[in-house]
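Participant: I'd like to ask you about the structure that follows.
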C-alpha cells in the first residue's frame, strides 16, 4: 500500500511541476505596449493588495481556531487545520498572481491571432487548476503519513473550508460592489461603454473579476476537492480498511494525470472555435478518468461495483455543467425569453429571470438524486463519497477552464482601455464569450459537487456520532431541520445586503469623480481609480466577517445545546435549501447577464435603448446572485458539514 501512496504523491508533485512550467511560459511572453503593461500592472497591484490584506485579517482567526482545536480535540487536528488553511491560501495566491499577469499578455497576444491569445489565457488558468489539485493531494498525504488517522485529516478540510468561505464571500462582495457601481453610473447614467477608461470604477471592476472568479472559485473547488477525498477516506477506513483509505487518493491521482494530458490538446486554428478546443480537452480528461477509474477499481477492489458509483459522479458533473449552459447561454431559449421580456420594462425582465432560475433547479436536482441513488446502490455510503470524488477528480482541468474566463475578460477590458485595434477586441470578445459559458458551467459543477461533498461529509458525521436515522417525530430534530433550512436564506440576505451597502459607496464615489474632476468625460483627465479599489477592498473585508462566523458557530451551538441528532437535522435542512438556492441564484444571475449581452449584440434594439436599460437593471440584480450569494452557499453547506465532522467528539 505504501507504493500506492507514493504514486499518488508523485501525481501531486507532477501537478505542481506542470503549474511551474506553465507559469514560466506565461512569464516569458513579452508585451511590447506600454499602455497594456501599465493597465495590467494596476490590476495586478490592486488584486494582490486585496489578497494580502485579506490573509492578514484571516491570520488571527486561523491562530484562534487552532488554539481552540488544540484545547478541545488535540494538537494533531489543530495542525491539520493550519495546514489546510495554508494550502488553500497558497493556491489562491499562486492563481491570483499568475492570472493578473496573464491578462495583459493575453490582450497583446491577440494582436498575433486567436491561438496565441487562447494559449496564454489557458496556460494562465491551468496554473491555478494544477496548483489546487497538487497542493490538495500533497496536503492530505502529509496529514495521513503524520497521523494515520482519517478523523484527524478532517481538520485539514476544516482549514480549507474556512479560508474558502472568507475568500468566496469577500471576493464576491468586492467584485459586485465594483461591477454594480461601474454599470449603473457608467453605462446607465453616463452612457459610456463597458471597460471605458473614463469610468473611475473600471479598474476595480477588472480587479474584482480576479478576486471573485480566480481566488474565490479556486478556494471553492479546492475545498470541495479535499473534503470529498477526506469524507471518502473517513468512510472507507470503516468499510474496507487500508484499501478504503487508498482508493479515493488513487482516483485523485488518476484525475491529475488525466487533467495534465487533457490540457495538452487545447489548441485552436486561426478562425477556429475556442469553445470546441476547451471542450475537447475536458472530454478527453473525462474519458481518461473513466478508463483509469475502471482499472483502479478492478485491481484494488473485489469487484467493479464501486466503478459505477464513480462513473455516476463524473457523468452528473458533466451533465449539470451542460444543463447550466442551456439556462444561461444566449444560444438557448431561456435567455432569449428574458431578452424578450425587456420589451415591457425592468419589472418583467426581473420576473422572467427569477422564473428561469427557479425552473433551472429541476434537472440538476434530479441528476443529484440519481447520482446519490446509483452510487448508494453500488457502494453504500462509501459509494456516495466516491461519486463526489469522481465528479471532482478532473478538477485540474475544469478549474483551468474556469480560471481562463476571468483572464480573457480582463484581456478584453485592457484591449478596450489601451485602444488596441478593433480586430484585437473581436478576438478578446470571442474568448470572453467562451469564458462566460465556461464560468456558468463551472458554477454548475461547483454546486453539484458541493451537494455530493456535503452528503459525503454528512455520512461521515453520521458514522462519527453513530447516527442511524433522523427521527422526524423528535422535536429537537425538527427544530434543527427548520434552523438548517433557514440558514441559507439568512446567509444570502447578509451577503446581498453587504453588496448593496458597498455598491452605494461605490456609486457615490463614481458620481463624485464625474462631478468634481473636470475633463474625465472628454478623456483629458485621469480618474482616481485607486479610490474605487480602496472602497471595494475595505467593504469586502469588513462585510465578510459575520457570514463567515455564522457558518462555523451555528453547527457548534446546535450540537452542544440540542445534541447530535438535532445537528443532523440542521445539516439536512441546510443541504436541501442551500443547494436549491445556489442553483436558482447562480443560473438566474447568469441568464440576466447573457440576456444583456444578447441585446448589446443588436437584438431588441441594441445598446442605448429602453430594452438595454431594462436588461442592465436585470443584470445588476443578478450580479450579487451569481457571483456572491449563490457561489458562497456551496461553501456554507460544506463548511457546516465539515465543522460537524471535526467537532463530532464534543457532541457525544
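Note that the numbers count up from 1, one per residue, in the order the chain is shown.
Just so you know, glycine gets a Cβ as well, placed from its N, Cα and C.
Nobody curates TrEMBL annotations by hand; they come from automatic prediction.
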Participant: Of the residue ranges 569-587, 588-606, 607-625, which one carries the transmembrane segment annotation in TrEMBL?
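Facilitator: Within the set 569-587, 588-606, 607-625, TrEMBL attaches transmembrane segment to 569-587.
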Participant: Across all chains shown, how many C-beta atoms besides its own are within 10 angstroms of the C-beta of residue 439 (site 'Determinant of potassium dependence')?
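Facilitator: Other Cβ atoms within 10 Å of residue 439 (site 'Determinant of potassium dependence'): 28.
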Participant: Which sequence positions outside the transmembrane segment (281-300), separated from its termini by at least 6 residues, show Cβ-Cβ distances below 8 Å to it?
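Facilitator: Cβ under 8 Å, 6 or more out: 243, 246-247, 250-251, 254-255, 257-259, 261-266, 306-307, 310-311, 314, 318, 390, 393-394, 396-398, 401.
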Participant: Using a Cβ-Cβ cut-off of under 8 Å, list the residues of the same chain that are 6+ residues beyond the ends of the transmembrane segment (306-328) and lie near it.
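Facilitator: Cβ under 8 Å, 6 or more out: 247, 251, 282, 286, 289-290, 293-294, 297-298, 334-335, 356-357, 359-360, 363-364, 367-368, 370-371, 374-375, 378-379, 382-384, 386-394, 398, 437, 440-445, 447-449, 452, 586-587, 590-591, 593-594.
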Participant: I'm a bit unsure how to read this: which one of 120-147, 153-174, 225-243, 569-587 has the highest number of Cβ pairs shorter than 8 Å with the transmembrane segment (445-464)?
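Facilitator: If we count Cβ pairs closer than 8 Å to the transmembrane segment (445-464), 225-243 scores highest.
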Participant: Any chance you could find the range in 120-147, 349-374, 476-496, 569-587 with the most Cβ pairs under 8 Å to the transmembrane segment (544-563)?
Facilitator: 476-496
Participant: Among 79-99, 120-147, 380-401, 476-496, 569-587, which stretch has the highest count of C-beta pairs below 8 Å with the transmembrane segment (153-174)?
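Facilitator: Selected stretch: 79-99, with the most Cβ pairs under 8 Å.
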Participant: Which residues of the chain, 6 or more past the ends of the transmembrane segment (349-374), have a CB below 8 A from one of its CBs?
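Facilitator: Distant Cβ neighbours of the transmembrane segment (349-374) are 308-309, 312-313, 315-316, 319-320, 323-324, 327, 334-335, 337-338, 340-342, 384, 387, 391, 444, 447-448, 451-452, 455, 579-580, 583-585, 587-589, 591-592, 595, 614-615, 617-618, 621-622, 625.
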